[in-house]
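A.B. asks: Before we start, here is the structure in question, set down as structure tokens.
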């Protein structure tokens, strides 16, 4: 197909931006967000159709307000505008996007999006905590990012594409967000990863996959091999690896190309980070693509070098006593050479800038010198303290605390992991012996003392979230959820059938363990979402769309595909299952189970306190005022009327029970405050109207609310039972009370 602008999809590709990295460093605090802003400027200047981010947009799971502000500022400044987006969205948005707004942002009539941004999450900004939200959920709710590639169940992954078309070019965009590498490797091995393909003209689609996993085998199972991915892919954008290998490389076994854009900011001073940083402009026309590399100019220059004193001619003859001063002097010369090299590289990158000032000074570079000071037999190299040596370059480098790294191979010490004859599995264990994992610590703890009520596997996961993701409420929410679930299960048992309560608790704990191991234990999901606003809706005349009852709809429960119900064309050996059947891309015809309305427990009973309460609001007795102080206003008690319907149903709110107030306690408080009561109203309260019957199912309640016309409730009249007035008493009344 000949290339033309009308048929070419232009995509800016970037991964691992790590906004917020070293934001408390006095020199490097603004490096990450400045480079991300440059990337968004490039997207606008190059007039691309979309931006694809491959994970780790933020460096932390809970980014700071500064980081979130800078990202939202860049996205709003460079990606919003009046330019129409030429990409035609062909997918069912409800299948690829989740959340309150299940549609692509550039089709939202309330937002003018010129350059849509599509992103998956990485291992640094992954979802966690109550509700299973991440920072990308906030950006999606703000209409700035299209968050796709979610993995609700790590042991049963379904990857559905975003179908886009421009002219005659069709693209299927697949997203696979980060999952712990060992678990992802096991899921691929067990053929539990299923990729869906378009059911029409599947040979006309350009298949693009973005994923965020280890690319290389750090250990036996802590990576995803390229041959595990489906061979119908045309290009794979590989995130998580920070070395910039922007040129696509073809895999001869699978036939697709792999591009590794790398990070846009150096987060570790290793040789892979010293490779010049780039972003790519991907031009797709039909089934062919081209890549244009664009260097990033706001990246801080970085130079690394490694020397061995025993083999370096500049340090010949210094392997003797009292040689520290001379070694330090010659090492300082090498570091100064590296600083000049870094500054020269920065000037070369900015040589073609028309707006660059000749007197402009380059930023302080990053310099890392690794020194092996292992001496021959009978000799010795004396080196200076690395921190003291690094501080000599304060004001010359950005990393003035860790410029040099000294290491020495101790005599007689051998690397057992790399010794010949050592089995591969034993070497793997020896290499990871110094790595302490939270999961291992929890398992060792439970091996000595077992749990009776709480399940062990979810407990270990909650502790891992607390330590790794800084989720301060992970353990608390786990305990509350586990105990409440077990209490509900025990209350459903018949009293005459309960023989051994401990046995029931043990059985249910094992059920929760198996559910978690099978990947069925998930966070509470949202059950309602907003419909798309009709084209003819006028907010000024008809009111805000989100305030209308018909704007809400139930989120259909996803039906798990069964292995025997959907035969596939073939079962690939790569550990991936994909399907070409028509029903695989059409999930709307599946039956949706109807959940019964939760019981309200004690709230369904009529109590004495409920009889006193008015239909609308209830006045609470005023607090007892301290002497010589002005009486405090009465505290407003919670309303006893019908609870206002919210857009989302929280599982905690569904199970919350309303308990009647204890009238005896109110009477006792009134007796204690008798000395402060001047006048009392003995008028009896009018009886409350009978309670309205409740809906028997959630579906019925939803349909009823959709048909009903919203009417503002009139404020209910409440009679105050006891009036505590602070006006001076009448002389006659006071005399009768004293008499």
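Every residue gets a Cβ built from N, Cα and C, even glycine.
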A.B. asks: Since Swiss-Prot lists 16, 18, 56 for Mn(2+) 1, which candidate among 242, 257, 278, 325 does it give for that site as well?
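C.D. replies: Only hit among 242, 257, 278, 325 in Swiss-Prot's Mn(2+) 1 site, alongside 16, 18, 56: 242.
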A.B. asks: Out of 78, 132, 185, 240, which one does Swiss-Prot list together with 56, 123, 212 for Mn(2+) 2?
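C.D. replies: Mn(2+) 2 site check in Swiss-Prot: besides 56, 123, 212, the record includes 240 out of 78, 132, 185, 240.
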A.B. asks: Report the residues of the chain - excluding 56, 123, 212, 240 - with C-beta within 8 Å of the mean position of the site's C-beta atoms, for the recorded Mn(2+) 2 site, in sequence order.
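C.D. replies: Once 56, 123, 212, 240 are set aside, the remaining close residues are 15, 16, 54, 55, 121, 122, 124, 178, 213, 239.
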A.B. asks: Find, among the binding-site residues listed as 16, 56, the one whose Cβ has the highest number of other Cβ atoms within 10 Å in the structure shown.
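C.D. replies: Top count of Cβ atoms within 10 Å goes to 56.
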A.B. asks: At the Cα level, what's the spacing in Å between residue 242 (Mn(2+) 1 binding site) and residue 123 (Mn(2+) 2 binding site), rounded?
C.D. replies: 13
A.B. asks: State the Cα to Cα distance, in Å, between residue 123 (Mn(2+) 2 binding site) and residue 16 (Mn(2+) 1 binding site), rounded to an integer.
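C.D. replies: Per the Cα atoms, residue 123 (Mn(2+) 2 binding site) and residue 16 (Mn(2+) 1 binding site) stand 10 Å apart.
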A.B. asks: What is the one among the binding-site residues 212, 240 whose Cβ has the most other Cβ atoms less than or equal to 10 Å away?
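C.D. replies: Counting every other Cβ within 10 Å of each candidate, the maximum falls on 212.
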